[in-house]
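Enquirer: Taken from TrEMBL, the feature DNA-binding region covers 69-129. What TrEMBL records for 361-371 is compositional bias 'Acidic residues'. Summarising the annotation, TrEMBL assigns domain 'Homeobox' to 67-128. The annotation domain 'TLC' is assigned in TrEMBL to 131-332. Under the heading region 'Disordered', TrEMBL lists 346-391. Here TrEMBL flags 37-56, 140-160, 210-229, 264-291, 303-324 as transmembrane segment.
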Amino acid sequence: MFQTLYNYFWWERLWLPENVTWADLEDQDGRVYAKASHLYITLPLAFLFLIVRHLFETYVATPLARLLNVKEKIRLKATPNAVLEKFYAATSKHPKQADVEMLSKKSGCSGRQVERWFRRRRNQDRPSLLKKFREASWRFTFYLIAFIAGMAVIVDKPWFYDLREVWKGYPIQSMLPSQYWYYMIELSFYWSLLFSIASDVKRKDFKEQIIHHVATIILISFSWFANYIRAGTLIMALHDSSDYLLESAKMFNYAGWRNTCNNIFIVFAAVFIITRLVILPFWIMHCTLVYPLELYPAFFGYYFFNVMVAVLLLLHIFWAYLIIRMAQKFITGKARGGLGTARGCPRGEGAVVEDERSDREETDNSEEEEEKNGPLSNGHPVLNNNHRKTD
C-alpha cells in the first residue's frame with residue numbers, strides 16, 4: 001500500500017508537463033537537476049538555525065539592546081491569589097462581568113480589584129521589550145543577508161531581466177550551486193520559524209503567520225520538486241526585499257529612535273506595496289500563469305504552484321490593509337507608540353504608528369494612584385502613610 005501511495009504521489013503527470021519523465025531529469029553530462037532528496041538537509045539545518053539564533057540573541061542582540069538603551073517598562077505584578085490564578089489558567093484571561101462578581105465573592109476582593117488583578121496578570125504574560133528586540137534583530141539579520149545573497153544569485157541571470165527566460169528549456173534546466181544553497185537556506189529558515197512560532201512573540205495575526213509559513217514551505221518545496229527554480233528564486237528575493245526593513249523599524253522603535261523608526265516604516269510600506277501588490281501579481285504571477293502555457297498544456301503542478309502563490313498574495317493583501325491603516329494614523333497624526341507590538345516610543349510629537357496586529361499594554365487610571373498609596377496585598381490595597389486606598 002505504501003508503494004502504491006508513493007507511486008501516485010510521484011506520478012509524473014502531477015509534477016511535470018506532458019512527454020516529460022523523471023528520467024529526463026537524471027544527472028548527466030555534468031548537468032545536475034533538483035531532486036526531492038536534496039531537501040532532507042533542510043530539517044537538520046532548521047535546528048541548526050535555532051541554535052545559531054539562540055547564540056545570536058544571547059551574544060549579539062542582547063549587548064546591542066544595552067548599547068541602544070532598550071529599556072523595559074516597569075510592570076506592576078499581580079499579587080498571588082489562588083482563586084483568581086485558577087480561573088485565569090483554566091477558564092479565561094478575560095472574565096465577564098458575571099465572572100468578576102463571582103470571583104469577587106470567592107476571593108474576598110472587590111470587583112475593581114479583581115479586574116485590576118486580571119489586567120496585571122495579562123500584562124505579566126506579555127513578552128518583554130528585550131524579547132521583542134532580540135527577535136526583531138535576528139530576523140533583520142537573516143532577511144538582510146538573504147536579500148543580498150538572493151540578489152547575488154539572480155542579478156546576473158537573463159531571467160532577472162526577461163521573464164520569458166524563466167521557462168526557456170523548461171523543465172530541462174540544470175541547477176546551479178548558488179541556487180541550491182539559496183533554496184536550502186531559505187527553506188531551512190522557514191522551517192525554523194515554524195518550529196519556534198509557539199515561543200515567539202504572538203500577535204493578532206498568529207493564524208495568518210502559520211498559514212504563511214506553511215504556504216511558503218510548500219511553495220518552496222514544490223517549486224524544487226517540479227524544477228520551478230528560476231521562478232522560485234525570483235519570488236524569494238522579492239519577499240526578502242521588504243522584510244528586513246520592517247524588522248529594522250521594530251528595532252529602532254524598541255530603542256526609542258522615533259524619527260528613524262517612522263522614516264524606515266514609510267520606506268517599508270512603499271517597498272511592501274510595490275513588491276507584494278504590484279510586482280508579484282502583475283509581473284511574477286503573469287510570468288507563472290501565462291508564459292508556461294505558450295510551451296506546454298496546463299497540468300496539476302502548474303495549477304498547484306499558482307494556487308500557492310495566490311494564497312501568499314491574499315495574505316499580502318491582508319497585511320497591506322493593516323499597513324495602510326497604520327500609515328493613515330501616521331499621516332493624520334493619530335498614531336500611538338508601538339510598531340511591532342512595542343510601545344518603546346513615547347507618545348506625542350514623532351510617535352510611531354501602532355502595529356494593528358499587536359495587543360496593547362493594559363493600564364488604568366488608578367495605577368499612578370496605586371504607586372503613591374502602595375501595592376495590593378492578596379488582592380487588597382495595603383496601608384500607606386496611615387491611609388487606606390479605597391476602590
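Easy rule for this one: first residue shown is 1, then count along the chain.
Glycine is treated like the rest: Cβ placed from N, Cα and C.
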Enquirer: Is it possible to list how many residues within the domain 'Homeobox' (67-128) are helical, extended or coil according to DSSP?
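Expert: Counting residues by DSSP class gives 36 helix, 0 strand, 26 coil.
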Enquirer: Which residues, given as numbers and ranges, are at least 6 beyond the ends of the transmembrane segment (140-160) yet have a Cβ under 8 Å from it?
Expert: 56, 166, 168, 176, 178-179, 182, 185-186, 189, 230, 233-234, 236-237, 240-241, 243-244, 247-248, 250-251
Enquirer: Residue list, the transmembrane segment (210-229) vs rest of chain: Cβ under 8 Å, 6 or more residues beyond ends.
Expert: 15-16, 25, 33-34, 36, 38-39, 170-171, 173, 175, 179, 183, 186-187, 190-191, 193-194, 197, 235-236, 288, 301, 304-305, 308-309, 311-312, 315
Enquirer: Give me the mean pLDDT over the domain 'TLC' (131-332), rounded to a whole number.
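Expert: The answer is 91, the mean pLDDT of the model over that range.
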Enquirer: Near the transmembrane segment (264-291), which residues from the same chain, at least 6 beyond its ends, have a CB less than 8 A from one of its CBs?
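Expert: That would be 163-164, 166-167, 228, 231, 234-235, 238-239, 241-242, 245-246, 248-249, 252, 305-306, 309-310, 312-313, 316-317, 319-320, 323-324, 326-327, 330, 339, 352-353.
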